[in-house]
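Participant: As annotated by TrEMBL, compositional bias 'Low complexity' applies to 400-422. Residues or ranges marked as compositional bias 'Acidic residues' by TrEMBL: 446-455. Residues or ranges marked as region 'Disordered' in TrEMBL: 355-375, 396-455. Marked as transmembrane segment by TrEMBL: 20-41, 53-76, 88-110, 116-137, 144-167, 173-197.
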Amino acid sequence: MSAMTGWWSRRSIAGKVELYTRWTFHTFVPLEVAAFGAVPLGRGDDSPLGSAGAAGICLWVLVHAVLCAALASRSLDHTSGTRPRPVRLAAALAVVTAAANLLIIVLWTTGALPDASVNGAVVVGTAVFSVGSLSLCIEGVRRLAWTAGAAALVTALPVVLLGHGLAEGTATAVAVFVGGSAIASACGFSSWLLGVVHELERSRDLKARLAVAEERLRFGRDLHDVMGRNLAVIALKSELAVQLARRGRPEGVDQMVEVQRIARESQREVREVVRGYREADLRVELEGARGVLDAAGIHCAVDAPAAEAVALPAAVQSALGWVVREATTNVLRHGDARHCAITLRTEAGEAVLTVENDGADTRSDTPGRTGSGLAGLRERLGAVDGALEAGPAAPHSFRVTARVPLPTAVPTPRTTPAGPAAPNHPGDSTGPADPDHASRPTDPTDPTEEEVTVA
């Protein structure tokens, strides 16, 4: 049972709706066979065709039910966007149904199939189910009504023309039209609902891609704003320094010193842009996790007072924000969760963040197995002396706990003592070191931390 429920839970919302709709239409096969195909077999064998006629009608109803199910399946594939509209199959079903019903009416008229109630039930039933399957290929309420009306006319006209009377023909037409309209409305609504669900899923995917593209554009715009003017100034001053050097003017050295200063300033500004791009805001991540999980059908309860989140140091907020982001991603990708709880507390001089969900797949848990995402979180938390614990908390439950010690006082940046400025590199006395770079710890993962030393 757990395997069955897990298989169902792992499907997306659109996949669940599509599977439910598809199998609902497939149940029409035994329903049609039981309602109309088995009736002739249960009647007395007093017709000229005998049991062969009853078996033939039963076989025809079975074939018709399978054709209707095939058309319904192809139509749902078209609604999902995986196949073209099954026009040929729909036309074949309509023609075969009309021809078979005409044959049954002819045999009924000639006395080969004298049981009027059985013949009428089979003719009306197959026509009604045909309208229901054809409605999945048709868009628009008016077209559905025209389809039901056409089926009623095509079915009732032979009844009248072959001498069964206007009353019999009218009753047949009314039965086909009413029954066909009812089943067509139900099938058409199911198809429309499935299309809306698929469109919603595509819209969510598009929204996520647009968010990524927007963030990339923002990052590119920030880099352009930072580097555009500085690179133009560097190019201009470098060209001026070359011209002065060719003329033997000492001002060329001053221009190159200015170029060096602007380059270092640009490097510092780029590092600030990259750092701001990498940092995760804890409050934003908490709200984002709630929204993303709720949109995925996972109830998310966030217990994190805003005052506590704001009071945390920036480095702690950034580290815990990454924990929230990675844990939320894991809940969406690797589990079948229905509930997720995120808790933030400050206790015993440390900030404790807990993310727990009830969708862990215990069958895939192996000892010592760690993901690259959790390893990256441990590295980020290690930078602020934090620790990460991740593992099963209860049956079908997984918990991620991050602990970060809180500083007793706000640390002050370490700066070079007052006095003569230290050179940038042993043997380099061309100028003072970059004060921003000296007062800030180096991030080994930042590609912009590399400095070019001028000998």
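Note that Cβ sites are derived from N, Cα and C of the backbone, with glycine treated the same way.
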Participant: So, do the transmembrane segment (88-110) and the transmembrane segment (144-167) meet, by the test of 3 or more Cβ pairs under 8 Å (sequence gap 6 or more)?
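Facilitator: They do touch: at least three Cβ pairs between the two stretches lie under 8 Å.
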Participant: Below 8 angstroms Cβ to Cβ, which residues of this chain, lying six or more residues outside the transmembrane segment (20-41), approach it?
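Facilitator: Same-chain residues near the transmembrane segment (20-41) but 6 or more away: 53-55, 57-62, 64-66, 68-69, 72-73, 76, 115, 118, 121-122, 125-126, 129, 132, 136, 187, 190-191, 193-194.
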Participant: Same chain, outside the transmembrane segment (116-137) by at least 6, Cβ under 8 Å from its Cβ: which residues?
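Facilitator: For the transmembrane segment (116-137), the sequence-distant neighbours (Cβ-Cβ under 8 Å, at least 6 residues beyond its ends) are 25, 28, 32, 35-37, 39-40, 43, 57, 60-61, 64-65, 67-69, 71-72, 75-76, 78-79, 85-87, 90, 93-94, 97, 100-101, 104-105, 107-108, 144, 147-148, 151-152, 154-155, 168, 172, 175-176, 179-181, 183-188, 191.
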